Amino acid sequence: MHAKVRDYDDITSFLGDFGRFQTAIWALMAVSAIPPGFMALSMVFLAYVPEHHCKPSMNFTGNATDSEVSFHEQSSWVGPDMCSRYKVIGDSSETAGLGNETEECVDGWVFSTERYSATIVSEWNLVCENAWKVPFSISTYYIGVLIGSFISGQLSDRFGRKPVFFWAMAIMTISALIQAASVSWVMFCVINCVRGVAQISNYITSLVLASEILSQSARVTFSMLGHSLFFAIGYACLPLFAYLIQGWRMLLVVSAIPGLLYIPVWWVIPESPRWLLQRGRVADAERVIRNAAKKNRVPTPEVIFTPDECLELMQQTYNVLDLVRTTNMRNITILNVFLWAAITMVFYGLSLNTSNMRGNAYLNSFFSAAIDIVASVAVWLITLLIIKLVPEDMPVMSQVFALLGKLGVSGAYSSIYLIATELFPTVVRNMGLGVASTAARVGSIISPYVVYLGVYSKILPYIVFGAISLIAAAVSFLLPDTTNSKLPDHISQVKPIRGYVTYVIQNVPNPKVT
């Protein structure tokens with residue numbers, strides 16, 4: 001009979017909770033969340049739809065040239081709406097006038113530069129019959145995030161947390177630079193998808209890597225006040241730089257700079273000792289722990305880990321099917337899939353909708369990011385459905401309730417990462433987070449289209465998001481409590497869910513274990 005694997009937290013308790021080593025890892029991995037935070041919602045400004053109207057006919061200039069007439073004045077006489085213009089009557093520019101009949105914008109559009117000098121909308125005329133390309137452009141990013149969520153977990157479980165983290169950072173940086181040089185809308189969308197793959201791979205892997213290195217108390221503060229907080233700080237930097245730059249190409253270049261500065265960190269961040277043990281690399285795991293002890297200036301045992309202590313982990317190879325193979329594991333996976341999809345849909349939906357809110361787009365986006373910062377230490381608040389009671393002629397109240405709703409879902413968004421990290425065991429943790437995050441991207445892909453419902457009714461997106469939030473809140477009560485819990489290493493250590501629904505889910509037949 002093989003010796004039982006000792007608890008990792010107990011074995012490494014001599015390191016302490018917050019020594020120099022843990023502090024350095026905490027800070028460096030928290031800061032690494034700034035570039036993903038900056039990039040995650042950059043499409044709010046990259047794909048902003050400026051005010052626009054048809055270009056006047058070449059045969060008619062009116063009473064003044066374009067440079068002499070303000071954008072809004074010109075809009076009033078060019079056509080009845082943004083997608084049509086009045087036909088010109090007359091044979092020459094001297095006798096020409098405007099009739100009552102309209103025609104399409106055959107000569108293109110004029111875009112307002114009051115807020116942005118250029119966006120992808122003004123670059124490639126993504127308006128009127130091409131307006132569908134705007135939400136599609138946003139969705140391509142989240143399609144990439146969906147793909148990255150699925151593959152990053154498997155790559156990280158196979159090749160290690162550290163290589164995937166840094167390779168994703170590199171691809172995220174390079175793709176942003178290439179995207180800034182896009183020569184067509186199709187090229188922009190393709191690179192946007194690649195950027196999404198790298199962004200989520202970097203973000204999830206950084207959370208797993210830090211959580212597996214840090215002690216229990218440091219892990220909690222990292223997830224809530226480190227990882228989520230610095231993601232929100234990155235998001236808060238976005239409207240500031242968008243305001244200063246006001247051009248989509250240079251904004252992408254700026255988003256790539258932090259990734260370049262992070263290259264030297266490769267020689268500071270170690271591989272996860274938990275992952276090394278799971279792969280049977282006991283000597284490498286001990287080397288990481290001894291280096292940590294040296295930095296913390298604490299003595300180390302002569303032998304930290306023995307080969308027998310990770311023998312059970314070395315005997316089996318795990319795959320995606322292990323996420324549903326046992327009852328407890330299956331229940332945790334199903335609940336996480338639903339909750340991640342619901343929370344992410346509402347989080348990104350409310351964030352993307354800041355450009356459609358009345359008032360200054362930069363301030364709206366900054367307030368949204370500030371709410372995320374507050375929500376990193378806040379509790380779950382459900383206020384979205386109140387928006388239905390606010391009249392459309394009271395935009396200030398509508399904006400306040402929308403931001404309160406953002407506060408609640410931001411708290412849930414930051415909490416779900418911590419909870420999932422503590423629910424999935426080491427042997428499938430990155431894989432489990434990847435599957436849950438894959439489901440979340442379905443929600444983020446749908447969110448731009450829910451936001452688009454605001455064209456028909458301003459309150460409709462909030463009603464949808466509010467209803468989904470209430471359902472997710474109810475379902476979340478089924479998750480087991482992870483307070484003061486150690487990270488599970490084996491599938492057998494996964495906790496059962498709470499509530500009477502457990503019986504229903506447990507009656508689903510288990511896949512036969514071979």
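The count begins at 1 with the first shown residue.
For all residues, glycine too, the Cβ spot is worked out from N, Cα and C.
Checking the ranges 300-321, 432-453 against TrEMBL, the transmembrane segment annotation falls on 432-453. In this chain, the transmembrane segment (134-152) touches the transmembrane segment (164-188); three or more CB pairs sit within less than 8 A of each other, excluding pairs fewer than 6 residues apart. Beyond the transmembrane segment (332-350), the same-chain residues lying 6 or more positions past its ends with a Cβ under 8 Å from any Cβ of the stretch are 41, 142, 323-324, 368, 384, 402, 405-406, 409-410, 412-413, 416, 420, 423-424, 432, 435-437, 439-444, 446-448, 450-451, 461, 465, 468-469, 471-472, 475-476, 478-480, 494-495, 497, 505. Sequence-distant contacts of the transmembrane segment (432-453) (same chain, six or more residues past either end, CB-CB distance under 8 Å): 135, 138-139, 142-143, 145-146, 149-154, 156, 200, 204, 207-208, 320, 323, 332-333, 336-346, 348-349, 352-353, 356, 417, 420-421, 423-424, 460-461, 464-465. Cβ atoms under 8 Å from those of the transmembrane segment (251-269) belong to residues 24-25, 28-29, 32, 34-35, 38-39, 42, 45-46, 162, 165-166, 169-170, 172-174, 176-177, 179-180, 209, 241-242, 245 of the same chain, restricted to positions at least 6 beyond its ends.
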